[in-house]
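Before any comments, here is the structure.
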Amino acid sequence: MKLAILSRNTKLYSTRRLVEAARERRHSVRVLDPLRCYMRIDSDGFRMHYKGVEIAGYHAVIPRVGASITRYGSAVLRQFELMGTFTPNPSDAVLRARDKLRSHQMLAAQGIGLPATVFGDNPDDTADLLSMLGPPPHVIKLNEGTQGAGVMLTEKLSASKGVIEALRGLYAQFLVQEFVAEAKGADLRCFVVGGKVVAAMKRQAPKGDFRSNLHRGGRAKGVKATAAEQDVAIRAARVLGLGVAGVDLIRSARGPLVLEVNASPGLEGIEDATGVDVAGEIVDYVALRYKRIAAKRAATKA
Ligand SMILES: Nc1ncnc2c1ncn2[C@@H]1O[C@H](COP(=O)(O)OP(=O)(O)OP(=O)(O)O)[C@@H](O)[C@H]1O
Ligand SMILES: [Mg+2]
């Protein structure tokens, strides 16, 4: 298989591991910086160049595009799709996953559990918006926040209102959720590849915090997700259309609840915590899918 990895930096752990796993399996692999891919769009065909040279003949592409280049990165990924290259995470699925409100709506519509979530635009509606959610504690999350920064816990209604007023004053986008106290500061990252949970880790918040992010001092250890947790993670990835996804769950009294579905989940934390060759799982899945597509194409030609 001739494989491309769309990534801005060849030195990143996840990128390096994917290259390594592909080479071990004797695939040809190249890392392409999506911002150096440029394209011609025409009704008679799609073409792409990279640093002055035509890009052609890639069988599969694994996108590792960061949030900061979502738009351009997904246009490059779509161009690959239009040129007949297989991707485990299509551009439309990546865009869905990046849009928190949209993905929450899509998951809930399929009956997948989430913490109850509200959002609104006008400051005049704040009191009623919070009444739609229920009494505090509340978790307030900035839409652009990651790694736990921008996630706040408010224990009193006056605090929720104060934080929301302050955020509106800064023109920040945010959502408000019920606080799932039973999670006890832990969350569960399920790494889904091709409709299977290939690895899972539990992250535990440091004492005194409810956020389990490793960047906030959380600790990770490999665990086996329960059947119910695996089922929710697999369904969440499928609803968004992702072949590769990091699904974050919290354990609540009413079962596993989805916090987030990440379309470009990092490999370092999960491989360290579990010892699973997650990069190898991804490459094997992509190769298997490509082989099936190639066989089908050959059959229709014959
Ligand atoms: N509704 C909630 N109830 C209890 N704990 C929560 C809730 N939402 C988030 N947490 C805790 O806070 C942590 C950070 O929240 P979250 O994962 O939503 O934001 P983030 O990590 O900053 O952003 P993202 O994961 O979307 O990139 C979670 O890992 C979880 O431990
Ligand atoms: Mg998170």
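In case you wondered, yes, glycine gets a Cβ from its N, Cα and C as well.
Because TrEMBL annotations are produced automatically, they should be read as predictions rather than curated entries.
The ATP binding site feature in TrEMBL is assigned to K141, E178, F179, D187, R211, S212, N213. The Cβ of R211 (ATP binding site) lies under 8 Å from the Cβ of G148, V151, G185, A205, G218, each on the same chain and at least six residues away in sequence.
Cβ-based neighbour count (10 Å, all protein chains) for D248 (Mn(2+) 1 binding site) stands at 21. Positions annotated as Mn(2+) 1 binding site by TrEMBL: D248, E260.
Sequence-distant neighbours of E260 (Mn(2+) 1 binding site): residues of the same chain at least 6 apart with a C-beta under 8 Å from its C-beta are K100, V247, D248. What TrEMBL records for D248, E260 is Mg(2+) 1 binding site.
All chains included, 19 other C-beta atoms sit within 10 angstroms of the C-beta of N262 (Mg(2+) 2 binding site). The Mg(2+) 2 binding site annotation in TrEMBL covers E260, N262.
Following the DSSP three-state reduction, the secondary structure of E260 (Mn(2+) 1 binding site) is strand. Residues or ranges marked as Mn(2+) 2 binding site in TrEMBL: E260, N262.
The annotation domain 'ATP-grasp' is assigned in TrEMBL to 104-287.
Taking R211, S212, D248 as the candidate binding-site residues, the subset whose CB lies under 6 angstroms from any atom of ligand 2 consists of D248. A Cα-Cα distance of 16 Å separates S212 (ATP binding site) from N262 (Mg(2+) 2 binding site).
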